[in-house]
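**Q** Pasting a structure below so you can have a look.
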Amino acid sequence: MVQNMTYDELILRIIILLRDGKIRDFRSVIDELQPYDMAFIFKEMPEKHRARYLSYLTVDDITDMIGELEREFQLVVLNKVGKTKATLAMNKMDNDDLAQLLEEMDEELKEQLLSSMEASESKAVQLLMNYPADSAGRMMTNRYVWIPQHYTVKDAVVKLKSFAEIAESINYLYVINESKQLVGVLSYRDLILGEPEEKVQDLMFTRVISADALQDQEEVARLIERYDFLAIPVVEENNVLVGIVTVDDIIDVVIREADEDYEKFAASGKDITFDTKAYVAAYRRLPWLILLLFIGLISGSIISYFEDALKQVVALAFFMPMVSGMTGNTGTQSLAVVIRGLSKEEMNKKTIVRLIFREFRTSIFIGAVCSVLIAIVSIIWQGNALLGFVVASSLFLTLIIGTMSGTIIPIILHKLKVDPAIASGPLITTLNDILSLLIYFGIATAFIHSL
């Protein structure tokens, strides 16, 4: 029955069950829902029903649901369920998720919650919180299966069964020596295909791809993407195994980094969502826009400088927006290609040279097609072949310049260790506006007496 219900129907059904105190019917509904569904229902239901909704959920339900909620709602849940239930849920949460959640709390509340947790779990969480914010150590979990290299397949299976319930991932078994150094890795498939008395060290892969605990999360994401891993081991000095990073955490990193790059690319300000207040959104966007406003005044100065040319040939004004707009568009297209390549670290010297020449050839093809089209349009529209030549040649040159600026500027910034996404959309477009107007009016001035 639940499968065919919309979220609105589900919320209404749950509210009725909460009101009537029908715990058994409530459980039958909840048992058919995924953690995401429970989290969505909590966020969307009226505030007055949330406390009772949480009181009817088990600790396991709350633990699973918290993992699907945004930080602000996670804090709401922990505050509403009370200290005892919150502590039980925190003991079962993934340590990396809990470490990130506790960062949002004030020191006093953080210490209270950590002290109320099981000693082993509290120690593990505090260990993660000692790592830098965007490092592999901060996002790793200590809930994984490691096996001594002297184990047999039979011993490994016994340990795997005992740890399967609490381990975040059992796709890979990590093999260590007496010093807890990572010496190999074994897949679950290889384990079950091995003979019971066969040694793990005879089955394991010794070339292990791992991440350093202090390595940036984006670099870890690239490693997992490159090798198609479901998890990657995290090591400290001397290759000592300290945890693993799983692919679900990497997906969160990729989404977050993509959001940040898009915000920079659009110069729209950081952390702006549908719920952001208007004055906050305006405050975050204004610095870029004010900067671009003053840069844009240069375009106005250029037009003012060539005022005499405009007075003599008014038709020049008709094509001015088209020339500057097309230049900005092609620059933004090239910029998107380069930023994507840089974000995936596909750029080496050979690739950069090949990309620049490829974009140059592309701009020539695009410029040739567009300039021929606009020449035909201007001749038919204005009946002036020379005007058509001026517009077409200007467009041809500006499209080449726009494409190359969108290609070369982010590469230069990358080499200077500056985030290339900063030199994005609006800035490239504004700079290309200036260049396109200079070229357009420069060519027009050269032929002004013949026009």
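Each residue, glycine too, has its Cβ placed from N, Cα and C.
Okay, so Swiss-Prot annotates it like this:
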- 1-285: topological domain 'Cytoplasmic' (TOPO_DOM)
- D96, D249: Mg(2+) 2 binding site (BINDING)
- 140-203: domain 'CBS 1' (DOMAIN)
- 204-260: domain 'CBS 2' (DOMAIN)
- E218, E257: Mg(2+) 3 binding site (BINDING)
- 286-306: transmembrane segment (TRANSMEM)
- 312-332: transmembrane segment (TRANSMEM)
- 333-371: topological domain 'Cytoplasmic' (TOPO_DOM)
- 372-392: transmembrane segment (TRANSMEM)
- 393-413: transmembrane segment (TRANSMEM)
- 414-427: topological domain 'Cytoplasmic' (TOPO_DOM)
- 428-448: transmembrane segment (TRANSMEM)
- D433: Mg(2+) 6 binding site (BINDING)
**Q** Check the Cα-Cα distances from E218 (Mg(2+) 3 binding site) to the binding-site residues D96, D249, D433 and tell me which is shortest.
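**A** Given the candidates D96, D249, D433, the nearest one is D249.
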**Q** Which residues of the same chain, at least 6 positions away in sequence, have a Cβ lying under 8 Å from the Cβ of D96 (Mg(2+) 2 binding site)?
**A** L128, R138, M139, M140, T141, D249
**Q** Can you tell me which of 286-306, 312-332, 428-448 gets the most C-beta pairs within less than 8 Å of the transmembrane segment (372-392)?
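**A** Of the candidates 286-306, 312-332, 428-448, 312-332 scores highest.
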**Q** For each of E218, D249, E257, count the other CB atoms within 10 A of its CB; which of these binding-site residues has the top count?
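**A** Comparing the binding-site residues E218, D249, E257, the most crowded Cβ belongs to D249.
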**Q** So, do the transmembrane segment (286-306) and the transmembrane segment (393-413) meet, by the test of 3 or more Cβ pairs under 8 Å (sequence gap 6 or more)?
**A** no
**Q** Could you tell me the mean pLDDT over the topological domain 'Cytoplasmic' (333-371), as a whole number?
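**A** PLDDT averaged over the stretch: 86.
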**Q** Provide, as an integer number of angstrom, the distance between the C-alpha atoms of E257 (Mg(2+) 3 binding site) and the residue listed as 'Mg(2+) 6 binding site'.
**A** 29
**Q** Within 10 Å of the Cβ of the residue listed as 'Mg(2+) 6 binding site', how many other Cβ atoms are there?
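**A** Its Cβ shell of radius 10 Å holds 24 other Cβ atoms.
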**Q** Quick test of the contact rule: Cβ under 8 Å, at least six residues beyond the ends. What residues does that give for the transmembrane segment (428-448)?
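**A** Distant Cβ neighbours of the transmembrane segment (428-448) are 292, 295-296, 298-299, 302-303, 305-306, 309, 312-313, 316, 319-320, 323-324, 326-328, 331-332, 335, 386, 389-391, 393-394, 397-398, 401-402, 405-406, 409.
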**Q** Within the domain 'CBS 2' (204-260), how many residues are helix, strand or coil going by DSSP?
**A** 28 helix, 16 strand, 13 coil
**Q** Going by DSSP assignments with H, G and I as helix and E and B as strand, what are the residue counts for the topological domain 'Cytoplasmic' (333-371)?
**A** 34 helix, 0 strand, 5 coil
**Q** For the residue listed as 'Mg(2+) 6 binding site', name the DSSP secondary structure in the helix/strand/coil scheme.
**A** helix
